[in-house]
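J.: Supplied in C-alpha coordinates, the structure appears directly below.
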Ligand code: ASP
(Lines of atoms letter the chains of each structure in order from A and count residues from 1; the text may use other names and numbers.)
(Lines give C-alpha, C1' and ligand atoms only; values in the text may rest on other atoms or scores of the structure.)
Protein backbone atom coordinates (compact mmCIF):
# COMPACT_ATOMS: atom_id res chain seq x y z
CA UNK A 1 0.00 0.00 0.00
CA UNK A 2 1.42 3.40 -0.99
CA UNK A 3 2.75 5.42 1.92
CA UNK A 4 1.51 8.58 0.20
CA UNK A 5 -2.11 7.69 0.86
CA UNK A 6 -3.82 9.74 3.61
CA UNK A 7 -4.56 6.43 5.34
CA UNK A 8 -1.89 3.88 4.34
CA UNK A 9 -3.02 1.03 6.64
CA UNK A 10 -4.54 -2.31 5.64
CA UNK A 11 -6.29 -2.79 8.97
CA UNK A 12 -7.58 -0.71 11.89
CA UNK A 13 -6.17 -2.59 14.87
CA UNK A 14 -5.48 0.28 17.21
CA UNK A 15 -4.83 4.00 17.55
CA UNK A 16 -1.16 3.47 18.48
CA UNK A 17 0.01 2.84 14.87
CA UNK A 18 -1.77 5.96 13.54
CA UNK A 19 -0.35 9.46 13.11
CA UNK A 20 -2.31 12.59 14.05
CA UNK A 21 -2.95 13.47 10.35
CA UNK A 22 -4.28 9.92 9.76
CA UNK A 23 -6.65 10.24 12.73
CA UNK A 24 -7.82 13.66 11.52
CA UNK A 25 -8.34 12.25 8.02
CA UNK A 26 -10.74 9.62 9.43
CA UNK A 27 -12.59 12.28 11.47
CA UNK A 28 -13.00 14.44 8.35
CA UNK A 29 -14.26 11.43 6.39
CA UNK A 30 -16.86 10.71 9.09
CA UNK A 31 -18.25 14.25 8.93
CA UNK A 32 -19.87 13.60 5.57
CA UNK A 33 -21.77 10.57 6.88
CA UNK A 34 -23.29 12.50 9.79
CA UNK A 35 -25.64 14.36 7.44
CA UNK A 36 -26.67 11.15 5.63
CA UNK A 37 -27.44 9.50 8.97
CA UNK A 38 -29.67 12.45 9.89
CA UNK A 39 -31.73 12.23 6.70
CA UNK A 40 -35.44 12.02 7.50
CA UNK A 41 -36.05 8.91 5.41
CA UNK A 42 -33.61 7.17 3.07
CA UNK A 43 -30.20 6.82 4.71
CA UNK A 44 -28.39 4.86 2.07
CA UNK A 45 -25.28 4.99 -0.05
CA UNK A 46 -24.10 2.12 -2.23
CA UNK A 47 -20.32 2.55 -1.86
CA UNK A 48 -19.92 -0.95 -0.44
CA UNK A 49 -22.57 -2.70 -2.58
CA UNK A 50 -21.54 -6.29 -3.30
CA UNK A 51 -19.03 -6.43 -0.46
CA UNK A 52 -19.43 -8.86 2.43
CA UNK A 53 -18.88 -7.64 5.98
CA UNK A 54 -18.62 -10.26 8.71
CA UNK A 55 -19.01 -9.12 12.32
CA UNK A 56 -17.47 -11.73 14.62
CA UNK A 57 -17.99 -10.73 18.24
CA UNK A 58 -16.49 -13.22 20.68
CA UNK A 59 -17.44 -10.94 23.56
CA UNK A 60 -20.81 -9.32 24.37
CA UNK A 61 -21.72 -6.03 22.82
CA UNK A 62 -24.82 -3.93 22.28
CA UNK A 63 -23.91 -0.60 20.75
CA UNK A 64 -20.68 -1.50 18.95
CA UNK A 65 -22.15 -4.52 17.15
CA UNK A 66 -25.33 -2.65 16.19
CA UNK A 67 -23.33 0.39 15.16
CA UNK A 68 -21.06 -1.62 12.84
CA UNK A 69 -24.07 -3.46 11.43
CA UNK A 70 -25.95 -0.24 10.71
CA UNK A 71 -22.80 1.38 9.30
CA UNK A 72 -22.22 -1.48 6.84
CA UNK A 73 -25.87 -1.60 5.80
CA UNK A 74 -26.07 2.16 5.23
CA UNK A 75 -23.14 1.80 2.84
CA UNK A 76 -24.86 -1.06 1.01
CA UNK A 77 -22.67 -3.97 2.19
CA UNK A 78 -23.99 -7.47 2.81
CA UNK A 79 -23.59 -7.67 6.57
CA UNK A 80 -23.47 -10.98 8.41
CA UNK A 81 -23.19 -11.38 12.17
CA UNK A 82 -21.42 -14.54 13.29
CA UNK A 83 -23.31 -16.03 16.23
CA UNK A 84 -20.36 -16.99 18.40
CA UNK A 85 -22.49 -18.69 21.05
CA UNK A 86 -23.70 -21.23 18.47
CA UNK A 87 -20.42 -21.44 16.54
CA UNK A 88 -17.59 -23.97 16.41
CA UNK A 89 -15.68 -21.76 18.83
CA UNK A 90 -17.80 -23.40 21.51
CA UNK A 91 -16.74 -26.79 20.13
CA UNK A 92 -13.08 -25.97 20.74
CA UNK A 93 -12.05 -24.53 17.37
CA UNK A 94 -8.90 -22.41 17.63
CA UNK A 95 -8.95 -18.73 16.81
CA UNK A 96 -6.66 -19.32 13.83
CA UNK A 97 -8.99 -21.99 12.41
CA UNK A 98 -11.94 -19.62 12.81
CA UNK A 99 -9.96 -16.90 11.03
CA UNK A 100 -9.02 -19.21 8.15
CA UNK A 101 -12.68 -20.30 7.85
CA UNK A 102 -13.92 -16.70 7.67
CA UNK A 103 -11.22 -15.92 5.10
CA UNK A 104 -12.24 -18.88 2.93
CA UNK A 105 -15.71 -17.33 2.67
CA UNK A 106 -14.09 -14.35 0.94
CA UNK A 107 -15.20 -11.70 3.38
CA UNK A 108 -14.27 -8.19 2.29
CA UNK A 109 -14.22 -6.78 5.83
CA UNK A 110 -13.96 -8.49 9.18
CA UNK A 111 -15.05 -6.68 12.31
CA UNK A 112 -13.77 -8.53 15.36
CA UNK A 113 -14.28 -8.18 19.09
CA UNK A 114 -12.43 -10.56 21.39
CA UNK A 115 -11.87 -10.86 25.11
CA UNK A 116 -8.12 -11.45 24.69
CA UNK A 117 -5.75 -8.54 24.05
CA UNK A 118 -3.91 -9.15 20.78
CA UNK A 119 -6.43 -11.68 19.39
CA UNK A 120 -7.59 -9.32 16.64
CA UNK A 121 -4.01 -8.81 15.45
CA UNK A 122 -3.60 -12.61 15.33
CA UNK A 123 -6.63 -12.88 13.03
CA UNK A 124 -5.49 -9.94 10.88
CA UNK A 125 -2.19 -11.73 10.24
CA UNK A 126 -4.06 -14.74 8.80
CA UNK A 127 -6.64 -13.18 6.52
CA UNK A 128 -6.73 -11.47 3.19
CA UNK A 129 -9.16 -8.64 3.91
CA UNK A 130 -9.16 -5.52 6.10
CA UNK A 131 -9.77 -6.25 9.79
CA UNK A 132 -11.33 -3.71 12.15
CA UNK A 133 -10.76 -4.11 15.86
CA UNK A 134 -14.06 -3.66 17.71
CA UNK A 135 -12.32 -4.08 21.08
CA UNK A 136 -9.70 -6.62 22.16
CA UNK A 137 -9.41 -7.35 25.88
CA UNK A 138 -7.82 -4.45 27.75
CA UNK A 139 -5.79 -3.42 24.73
CA UNK A 140 -7.53 -1.10 22.25
CA UNK A 141 -10.96 -0.01 21.01
CA UNK A 142 -9.94 2.27 18.14
CA UNK A 143 -13.37 3.15 16.72
CA UNK A 144 -14.52 4.24 20.19
CA UNK A 145 -11.54 6.59 20.46
CA UNK A 146 -12.25 7.94 16.98
CA UNK A 147 -15.94 8.56 17.69
CA UNK A 148 -15.00 10.22 20.98
CA UNK A 149 -12.56 12.53 19.19
CA UNK A 150 -15.22 13.31 16.58
CA UNK A 151 -17.79 14.13 19.28
CA UNK A 152 -15.35 16.40 21.14
CA UNK A 153 -14.24 18.18 17.97
CA UNK A 154 -17.84 18.84 16.89
CA UNK A 155 -18.87 20.13 20.33
CA UNK A 156 -15.73 22.08 21.21
CA UNK A 157 -14.47 23.02 17.74
CA UNK A 158 -11.02 21.64 18.51
CA UNK A 159 -9.12 19.05 20.54
CA UNK A 160 -5.74 20.80 20.94
CA UNK A 161 -5.09 22.25 24.38
CA UNK A 162 -8.34 20.92 25.87
CA UNK A 163 -8.06 19.52 29.39
CA UNK A 164 -9.67 16.08 29.33
CA UNK A 165 -10.18 14.04 32.51
CA UNK A 166 -10.68 10.29 32.04
CA UNK A 167 -12.12 8.86 35.25
CA UNK A 168 -12.56 5.47 36.86
CA UNK A 169 -11.39 2.00 35.93
CA UNK A 170 -8.45 2.95 33.73
CA UNK A 171 -6.72 -0.35 34.40
CA UNK A 172 -9.22 -2.61 32.61
CA UNK A 173 -10.41 -0.16 29.99
CA UNK A 174 -9.40 -0.50 26.35
CA UNK A 175 -11.44 2.66 25.77
CA UNK A 176 -9.20 4.61 28.17
CA UNK A 177 -6.05 3.31 26.46
CA UNK A 178 -7.21 4.16 22.93
CA UNK A 179 -8.59 7.53 24.05
CA UNK A 180 -5.42 8.49 25.90
CA UNK A 181 -3.27 7.67 22.86
CA UNK A 182 -5.57 9.43 20.40
CA UNK A 183 -6.26 12.57 22.46
CA UNK A 184 -2.56 13.05 23.26
CA UNK A 185 -1.68 12.69 19.58
CA UNK A 186 -4.27 15.35 18.81
CA UNK A 187 -2.75 17.77 21.31
CA UNK A 188 -5.07 17.51 24.32
CA UNK A 189 -3.86 17.54 27.90
CA UNK A 190 -5.08 14.25 29.42
CA UNK A 191 -5.61 13.66 33.13
CA UNK A 192 -6.52 10.24 34.48
CA UNK A 193 -8.09 9.58 37.85
CA UNK A 194 -9.12 6.52 39.83
CA UNK A 195 -8.23 4.53 42.93
CA UNK A 196 -4.59 3.41 42.81
CA UNK A 197 -5.75 -0.21 42.33
CA UNK A 198 -7.38 0.80 39.04
CA UNK A 199 -4.51 2.82 37.57
CA UNK A 200 -2.18 0.64 35.47
CA UNK A 201 1.53 0.72 36.35
CA UNK A 202 3.77 2.85 34.08
CA UNK A 203 0.78 4.68 32.57
CA UNK A 204 2.69 7.97 33.03
CA UNK A 205 4.85 6.79 30.10
CA UNK A 206 1.86 7.74 27.91
CA UNK A 207 2.30 11.36 29.05
CA UNK A 208 -0.84 11.64 31.18
CA UNK A 209 -1.18 13.39 34.52
CA UNK A 210 -2.30 10.97 37.27
CA UNK A 211 -4.75 11.86 40.05
CA UNK A 212 -6.39 9.85 42.82
CA UNK A 213 -8.81 12.61 43.81
CA UNK A 214 -11.78 13.19 41.49
CA UNK A 215 -12.28 16.82 42.60
CA UNK A 216 -8.71 17.75 41.68
CA UNK A 217 -8.82 15.84 38.40
CA UNK A 218 -11.97 17.47 37.09
CA UNK A 219 -11.16 21.00 38.35
CA UNK A 220 -11.39 23.26 35.31
CA UNK A 221 -11.64 20.30 32.88
CA UNK A 222 -13.18 20.91 29.44
CA UNK A 223 -14.21 17.27 29.06
CA UNK A 224 -14.97 14.70 31.75
CA UNK A 225 -15.09 11.14 30.50
CA UNK A 226 -16.48 8.53 32.90
CA UNK A 227 -15.74 4.81 32.66
CA UNK A 228 -17.60 1.73 33.81
CA UNK A 229 -16.06 -0.58 36.41
CA UNK A 230 -15.14 -3.53 34.17
CA UNK A 231 -15.94 -6.19 36.74
CA UNK A 232 -15.76 -8.93 34.09
CA UNK A 233 -12.01 -8.27 33.87
CA UNK A 234 -11.44 -8.07 37.62
CA UNK A 235 -10.10 -11.19 39.27
CA UNK A 236 -10.02 -9.89 42.85
CA UNK A 237 -11.27 -7.05 45.03
CA UNK A 238 -10.16 -3.83 43.36
CA UNK A 239 -12.57 -1.62 45.30
CA UNK A 240 -13.94 -1.93 48.86
CA UNK A 241 -17.61 -1.45 47.84
CA UNK A 242 -19.71 0.16 45.12
CA UNK A 243 -21.07 2.65 47.69
CA UNK A 244 -17.64 3.81 48.65
CA UNK A 245 -16.56 3.92 45.00
CA UNK A 246 -19.52 6.14 44.17
CA UNK A 247 -18.79 8.42 47.13
CA UNK A 248 -15.20 8.94 46.00
CA UNK A 249 -15.28 8.57 42.22
CA UNK A 250 -18.91 8.91 41.13
CA UNK A 251 -19.77 11.97 39.04
CA UNK A 252 -22.54 13.99 40.72
CA UNK A 253 -24.07 17.36 39.87
CA UNK A 254 -22.15 18.85 42.81
CA UNK A 255 -18.77 17.55 41.65
CA UNK A 256 -19.38 18.61 38.06
CA UNK A 257 -19.52 22.24 39.22
CA UNK A 258 -15.73 22.05 39.68
CA UNK A 259 -15.21 21.54 35.94
CA UNK A 260 -15.24 24.26 33.27
CA UNK A 261 -18.61 25.98 32.92
CA UNK A 262 -19.15 24.51 29.45
CA UNK A 263 -17.83 21.06 30.36
CA UNK A 264 -18.72 18.11 28.16
CA UNK A 265 -19.59 14.85 29.94
CA UNK A 266 -18.91 11.62 28.08
CA UNK A 267 -19.25 7.88 28.71
CA UNK A 268 -18.66 5.03 26.24
CA UNK A 269 -21.54 2.99 27.69
CA UNK A 270 -22.90 0.81 29.09
CA UNK A 271 -23.62 3.12 32.04
CA UNK A 272 -23.84 1.95 35.60
CA UNK A 273 -26.05 4.70 36.92
CA UNK A 274 -25.47 5.53 40.56
CA UNK A 275 -22.00 3.97 40.45
CA UNK A 276 -19.62 5.97 38.21
CA UNK A 277 -22.23 8.53 37.12
CA UNK A 278 -25.51 9.89 38.49
CA UNK A 279 -28.58 10.01 36.26
CA UNK A 280 -28.91 13.76 36.87
CA UNK A 281 -25.55 14.24 35.13
CA UNK A 282 -25.88 11.58 32.43
CA UNK A 283 -29.29 12.86 31.33
CA UNK A 284 -28.57 16.60 31.40
CA UNK A 285 -28.28 17.45 27.72
CA UNK A 286 -26.59 20.76 28.51
CA UNK A 287 -23.47 18.80 29.45
CA UNK A 288 -23.95 15.21 28.42
CA UNK A 289 -22.76 14.06 24.99
CA UNK A 290 -23.47 10.39 25.69
CA UNK A 291 -26.18 9.87 23.06
CA UNK A 292 -24.23 11.99 20.59
CA UNK A 293 -21.31 9.59 21.05
CA UNK A 294 -23.59 6.76 19.95
CA UNK A 295 -24.75 8.80 16.95
CA UNK A 296 -21.18 9.67 15.93
CA UNK A 297 -20.25 6.00 16.28
CA UNK A 298 -22.26 5.06 13.20
CA UNK A 299 -20.74 7.85 11.06
CA UNK A 300 -17.25 7.03 12.29
CA UNK A 301 -17.61 3.32 11.53
CA UNK A 302 -19.01 4.12 8.07
CA UNK A 303 -15.87 6.17 7.43
CA UNK A 304 -13.58 3.36 8.61
CA UNK A 305 -15.34 0.70 6.50
CA UNK A 306 -15.28 2.99 3.45
CA UNK A 307 -11.62 4.02 3.76
CA UNK A 308 -10.30 0.52 4.50
CA UNK A 309 -12.00 -0.99 1.44
CA UNK A 310 -11.03 1.71 -1.06
CA UNK A 311 -8.09 -0.23 -2.42
CA UNK A 312 -10.01 -3.45 -3.05
CA UNK A 313 -12.87 -1.48 -4.61
CA UNK A 314 -10.42 0.19 -6.97
CA UNK A 315 -11.36 3.70 -5.86
CA UNK A 316 -9.42 6.25 -7.92
CA UNK A 317 -6.16 7.22 -6.22
CA UNK A 318 -6.30 4.21 -3.85
CA UNK A 319 -5.99 1.17 -6.12
N1 LIG B 1 -18.32 -0.52 25.58
C2 LIG B 1 -16.96 -0.28 25.97
C3 LIG B 1 -16.07 -1.46 25.65
O4 LIG B 1 -16.50 -2.37 24.97
C5 LIG B 1 -16.83 0.16 27.37
C6 LIG B 1 -17.37 -0.77 28.41
O7 LIG B 1 -17.72 -1.92 28.12
O8 LIG B 1 -17.42 -0.33 29.56
O9 LIG B 1 -14.93 -1.49 26.03
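Positions of Cβ are set from backbone N, Cα and C atoms, glycine also.
Fair warning: this is a prediction, and the values are worked out from it, not measured in the lab.
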J.: Looking at TrEMBL, 63, 64, 141, 144, 269, 270 are annotated for carbamoyl phosphate. Which of 38, 113, 243 sits in that same site?
T.: 113
J.: Among 63, 64, 113, 141, 144, 269, 270, which the record lists as binding carbamoyl phosphate, how far apart in Å are the two most distant Cα atoms?
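T.: The carbamoyl phosphate-binding residues span at most 16 Å between Cα atoms.
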J.: For each of the binding-site residues (64, 144), count the other CB atoms lying within 10 A of its CB, then report the residue with the highest count.
T.: 144
J.: Taking ligand 1 as the reference, state which of the binding-site residues 63, 91, 174 have a Cβ closer than 6 Å to one of its atoms.
T.: 174
J.: 269, 270: which of these binding-site residues has the sparsest Cβ neighbourhood within 10 Å?
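T.: Taking 269, 270 as the binding-site residues, the minimal 10 Å Cβ count falls on 270.
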J.: How do the residues of the domain 'Aspartate/ornithine carbamoyltransferase Asp/Orn-binding' (163-307) split into helix, strand and coil according to DSSP?
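T.: Per DSSP, the residues of the domain 'Aspartate/ornithine carbamoyltransferase Asp/Orn-binding' (163-307) fall into 61 helix, 24 strand, 60 coil.
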J.: How long is the line from the C-alpha of residue 64 (carbamoyl phosphate binding site) to the C-alpha of residue 228 (L-aspartate binding site), rounded to the nearest angstrom?
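T.: If we compare the Cα positions of residue 64 (carbamoyl phosphate binding site) and residue 228 (L-aspartate binding site), the gap is 16 Å.
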